[in-house]
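For reference, the structure is listed below as C-alpha cells.
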Amino acid sequence: MATFKDACYHYRKISKLNSSILKLGANDEWRPAPITKFKGWCLDCCQYTNLTYCRGCALYHVCQWCSQYNRCFLDEEPHLLRMRTFKNTISKEDIENLLNMYDTLFPIHEKIVNKFINNVKQRKCRNEYLLEWYNHLLLPFTLQALTIQLENNTYYIFGYYDCMEQENQTPFNFVNLVSNYDKLLLDDKNFNRMAYLPPILQQEYALRYFSKSRFLDKPNRGLKRNDFSDNLMEDRHSPTSLMQVIRNCVAKHLDDSEWNKACTQVTNAKNYMEVMNSAYTEHYSVSQRCKLYTKNKLNTLSRLTKPNYILSNHETCALNVHNCKWCQITSCYKIWEDFRIKKIYNNVLDFIRALSKSNGMAGHCSSQERIYRYIPKLFLIYDEEQWTESVNSLFKCLEPVEISEVEYVLFDHEINWEVRGLILQCMNGSIPRILNLSDVRLILSSLIYDWFDIRYMRDTPMITSTTNELRKLNKKNELIDEYDLELSDIE
C-alpha cells in the first residue's frame, strides 16, 4: 500500500481541516474512469500504478481512482496537490512552509500514536506492530519531489513516493531538494517524530526516511508528443482541433508570483475553508499549436515523403498522384487530414521539381537518384544544422554554375500559383530566372514557415500554462488561432 495514500486516509479523521484537505479519490469508492496508458506515480495519491490523462494539462499523471476529482498541479484551487507543487526557485523559507504544512496535516505525538494503536488493537490477533497496520505512522518528512519543465517554468511536486526503483514511463523525474534546506535540521525533525513510535516502527521509519532523503537525482528524459493525451481534443479527427481544458479555481485569484506560498493557507483553518467554499471550475478551448506537436507532424511528413515525384512527369500536384507506386503517398495516415501539411508537401515538392527540371536533370518515377535522399530532410526545418546541410547537398546535385564567385542554378520551369505567390513575397515582388544558394534556402524556408513558423512557437502546448496565464490569454483572445479559416502564419 502507498504510504502517502494510507496516511491521508487515516489522518482525515482527526480534524475538520484534514477531512477537507486529505480527501483522495484513491481512498474513495471507485467510479468509471478513462483507460490507463502509462506506468508511473499518481501525483495526487503518490502511489505507483497505471496512469490516465489529466483533464487540466493532458499529461498522464493521475490514477484511475483520483481522476474523478479532476485535480491538476497547475490548478488555482489550493487542494493538497496544488499546495505540494512548487515552481522555479525554491527558498529555504518555502521548504519550511511545506514542512509546517506536513506537520499540521500529519502530526505524530503521544496522543495521536496512542489513538491509532488503540484503533488497531481491537482484537487479540492485532497485538503485534505489523507494518501493514501502522503504515500511516511511517510517513517521514522528505524533500523528495517529481519535477517537470514546462515552457520556461520548472515545477516540483513534493510527496512521499514509494517504489522509486520501478520503471517510469512519464516525463516527470525524481529530484532530491535536501540541498535547498538544512540536512541536519530535517534529520532532527524526523528524529523528533520517531521518538513517539514503538521501537519496531522507529526502525522502519528511519529506513524509509534515509532511503528517500539521501538519493541522487534521476535523469530527465524530456517531453515527447506521446506524453500528451489526444482525449482533450474537441474533434480527434481534426488536426487543428482545439483542446478542452478544465481548471479548478477559487473566487480570490492568487498571483503566480506567490505560487510557492499556497501551502501557508492551512495555518488559518477558517480562512482556508472559506477559500475552498468558493471553488469553481473554468473551461478553456486552447490551440494545440506548439513546437512539440509541430515537430511530430514534420517528422511524420518527412517519413512519408515520396521524393521520386520531383523527376516525374505527372500533370498534377504531388498529393493527387494515383496509380503510381513510386509517387503515390499512403493516404491512410491522419496527418493528411491537415490542410497545412498538404499545402507544405505539395508546394515544396513542386518547387524542387521545378528546380530539377530547370537544370536538366533526367529521370523518371522509378529512377534512383542521389538527390532523393535529401528531399525528406527538407521538411525538418526545426533542426537547423541538418536542414541547412540537406539544402546545400540538394543545391550541389543541381550542378550550379559559378558566376563572379557565386554559384547559381536555373529556375525557368512552371510552378503552381501558390508557390509563385510565396516567391513573389520573399523575393521582393519578382520571380528570378536564376537562384543562388541563399535564394533557395529563403524560398524553401518560406514555404514551410507560411504555415508552421516554428521560430515563434511555444515549446509546449498552452494547456501547460498556469490558470492565471490561461485567464489572461483568454481575455486577449489569444488561446486560439485562425487555422480553421485557412489563414496562414504570414496572413
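Numbering starts at 1 and runs along the chain as it is shown here.
Using the three backbone atoms N, Cα and C, a Cβ is placed for every residue, glycine included.
Feature list (source: Swiss-Prot):
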- 1-81: region 'RNA-binding' (REGION)
- 42-79: region 'Zinc-binding domain' (REGION)
- 82-176: region 'Important for cytoskeleton localization' (REGION)
- 320-491: region 'Interaction with host IRF3' (REGION)
- 485-488: motif 'pLxIS motif' (MOTIF)
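For the region 'Zinc-binding domain' (42-79), residue counts in helix, strand and coil come to 4 helix, 11 strand, 23 coil, using DSSP. Within its own chain, the region 'Zinc-binding domain' (42-79) is flanked in space by residues 1-5, 8, 21, 23-28, 30-31, 33-36, 85, 146, 148, 155, 157, 159-163, 166, 169-172, 227-229, 231-232, 243, 245-250, 253-254, 262, 265, 272, 275-276, 279, 281, 461, 463-468, which lie at least six positions past its ends and keep a Cβ under 8 Å from the stretch. Counted with DSSP, the region 'RNA-binding' (1-81) comes out as 27 helix, 15 strand, 39 coil.
Per-class residue totals from DSSP over the region 'Important for cytoskeleton localization' (82-176), listed helix then strand then coil: 33 helix, 20 strand, 42 coil.
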